[in-house]
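Asks: Next up is a structure, given as structure tokens.
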Ligand SMILES: Nc1ncnc2c1ncn2[C@@H]1O[C@H](COP(=O)(O)OP(=O)(O)OP(=O)(O)O)[C@@H](O)[C@H]1O
Ligand SMILES: [Mg+2]
């Protein structure tokens, strides 16, 4: 390999945080026009490595060299790396919801004419960029009115506008549904044809197998190996072996379900959009959950799955219009989240940063935050109980953190998710509603979380599992409801479910489901 | 690895550990450090006048009401709000209480109760607007600032209303003389002794808790040094307070303040309600989805602030023996400044009662010291403004560098020098990239 094929090299990067060595002596080499995947377990240091590369952690805060286009570079902030053509797209998108697509694309980079922003040029360029990423929306549309999938494309358009040479994508498809993911991956492949290299972090190994040219595997802050996908004949199992250090026999733990009676029921549930009065986000939906059962909910992004779950959970979303909830044969009315928790419901949100955690808190406080009364005598919180409980969960869920006194903002994405799970397990719910619980979680941890879900079901609890990953639903659920445009369209027992039938019910208003 | 970092910061690390671990404690340590520095500076500049009995006693009774406001204000700010009305509310309650005693013949204990109730009603009024109507606290309390200032002038006809003797105890009373004549005020000495015992006990308990929690406590010598230092300070202070001019000793308002600090420090740190205040300020949506009733929290926090403002107003009136139309002018600014110097974040979710008290003391000592030096109030204001700006600036800057507070500034240089020297900007020979690649274990 001659050096001019190499666009970027990171050599012996070491990065320490107080008490944590996030990276030690990590090196990667990215060739011109390749898609280079970075794989590793949660907390392995993938995001940190990319933050070093993109100047989020400026030169001087790490050791090692970054050689970019033959030059040893020292980026002092994101701007300087962007000027050099290295653009990072973080998992939490950095778009401004109240601004239009055009305004977002040119934010901080506005074309000017006589000192004023030249909106005509801007719009023209925006249209060209949007065409390149395959987005046909009006560039005047506000960001908040387009879905996450499209927002991701806007981010890429924004990157293209900065004449990007190395595009870094940190878990770009984590929040996308299958078809949006496919579109995005196609786009990245297309960019490769134009000589743009991409570095992609993802826990969706099937995607990596499809698009990546080479893969660097990181474990515990160290480079384990770099694989050439074609030459080494890499498949998913091979990647997992590198990540975990051993092979995983199966993706789902074994389980024989012990399903009892229906103990939770939702009838004719209708919910109005919080702002738009004419719009019903949930329409006359009914479903039930049995003891010891894992009930899946499948639907496309925006179908109203989250809205359904949150409105059940103490009316925490939208305006409640009508419907009834029954638990253990009795009707219950949940006017607030506190009510819901008291009645044994728990809801693990899909958006851990915005809705799941107080990022200013430490791990131990977060774990107990949804049921402080459990560790309090009267109004007084017992600190040592809190510590003990947090420690238990740290061990049983294998949360990777130097201590439970560490702030949750310092945990890697996957470990933050485990903290959220711990928080809701601590409330000891009868019905656990999980909204995309494995988003951004590595294969090993996924397996663990599946095990935990099954264990909860084994204890006779009911679980509602909302997931965009069909294999996950098929592998875990005993029964799957499909949702389309706010209405439940079908209820399919696990035995007869397959991706095709699910997809069909998820994309069309078929029949009204009859309770089984 | 953790060992690595603690050895890196060396002696200063241990020093920091002496005052507990955790970032909020470190931050408090930084402010405490500045407070001590300022006290020593003025002690030097005023030729020992700063730490004289008379001045200390004066300092406490002159600033206790601002510190009481700071207690309430820090909770408001943690919850993500602000209260601009405290000065006006204090003045309003002051005039109501004074009028009640003069015109309606309220006995003074009942008048105090009345004052607290009025404060509570005002707080409920403002809290309802903030929590249930959803008007930003800035607006609600800006309105309150005007309304209650005007209310004060309506009730008092823009005149001063004197208060009876009994009432003045809460503002200008001192611990009484009891027991044998020792040349000191015995109760003050006793108070000092109790605090010393409490300090020893709490340090002992803290060490035990730290051990249970698996975090390595500071070495024993550090604990001992810390306790001895603290006790020395307390003993020294109590002797000073006890040895003042005959008839003076530790002020009653100082005792009220102390009780409130203990109570609210406990509430914010150790109770469910306290946790909820932090939760709402840190991430309101997440808090609500965890079952926190954020409206109730907001309501209570605003109400609590007005009750404390009422108390502060009454103490001030008691100290100045009359309630007037100019009472409490710009108190809100002093209280807010104290809270931010004390390490709270404008965006909410961060702050401590103890930190705010220390922040308030920084302002108080500064004010007092400058006055002793005969600096005019024009310059006092300028200096106070600069101190506020610099203190918060250092804090923000350090946080962006991932280090806590002023003490972080001191340890900063040390750390960077321990990084290897910067590599040259352009490596003369890039070499073959292959050589730098990690040994790849190729699968067969
Ligand atoms: N700002 C920080 N302060 C302290 N520790 C941190 C900080 N950021 C990351 N870490 C630690 O560094 C390690 C690597 O984190 P990083 O976010 O890079 O993991 P990751 O590989 O991206 O994981 P995930 O797949 O879960 O996103 C983790 O142990 C994490 O706790
Ligand atoms: Mg990450």
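We number each residue from 1, going along the chain as drawn.
Cβ coordinates are placed from backbone N, Cα and C, and glycine is handled just like the others.
Caution: TrEMBL annotation is automatic and unverified by curators.
Sharing the features that TrEMBL gives for it:
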- B:26-45: transmembrane segment (TRANSMEM)
- B:65-98: transmembrane segment (TRANSMEM)
- B:105-123: transmembrane segment (TRANSMEM)
- B:129-148: transmembrane segment (TRANSMEM)
- B:187-206: transmembrane segment (TRANSMEM)
- B:218-242: transmembrane segment (TRANSMEM)
- B:248-267: transmembrane segment (TRANSMEM)
- B:299-318: transmembrane segment (TRANSMEM)
- B:338-366: transmembrane segment (TRANSMEM)
- B:420-444: region 'Disordered' (REGION)
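Describe each of these features in terms of where it is and what it packs against.
Replies: Within its own chain, the transmembrane segment (B:187-206) has Cβ neighbours under 8 Å at 20, 175-178, 217, 223, 226-227, 230-231, 234-235, 237-239, 241-242, 249-250, 255, counting only residues six or more beyond its boundaries.
Long-range contacts of the transmembrane segment (B:248-267) within the same chain, counting only residues at least 6 positions beyond its ends with a Cβ under 8 Å from a Cβ of the stretch, are 53-54, 57, 60-61, 64-65, 67-68, 71, 75, 169-175, 177, 185, 187-188, 191, 238, 241-242, 273-274, 308, 311, 315, 318-319, 352-354, 357.
Same-chain residues lying 6 or more positions outside the transmembrane segment (B:338-366) and placing a CB less than 8 Å from one of its CB atoms are 24, 27-28, 30-32, 34-35, 38-39, 42, 50, 59, 62-63, 66-67, 70-71, 73-75, 77-81, 261, 264-265, 268-269, 278, 280-283, 380, 383-384, 387-388, 391-392, 395, 405.
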Asks: For the transmembrane segment (B:129-148), give me same-chain residues lying six or more residues beyond its boundaries with a C-beta closer than 8 angstroms to one of its C-beta atoms, as numbers and ranges.
Replies: 76, 81-89, 91-92, 122, 294-299, 302, 332
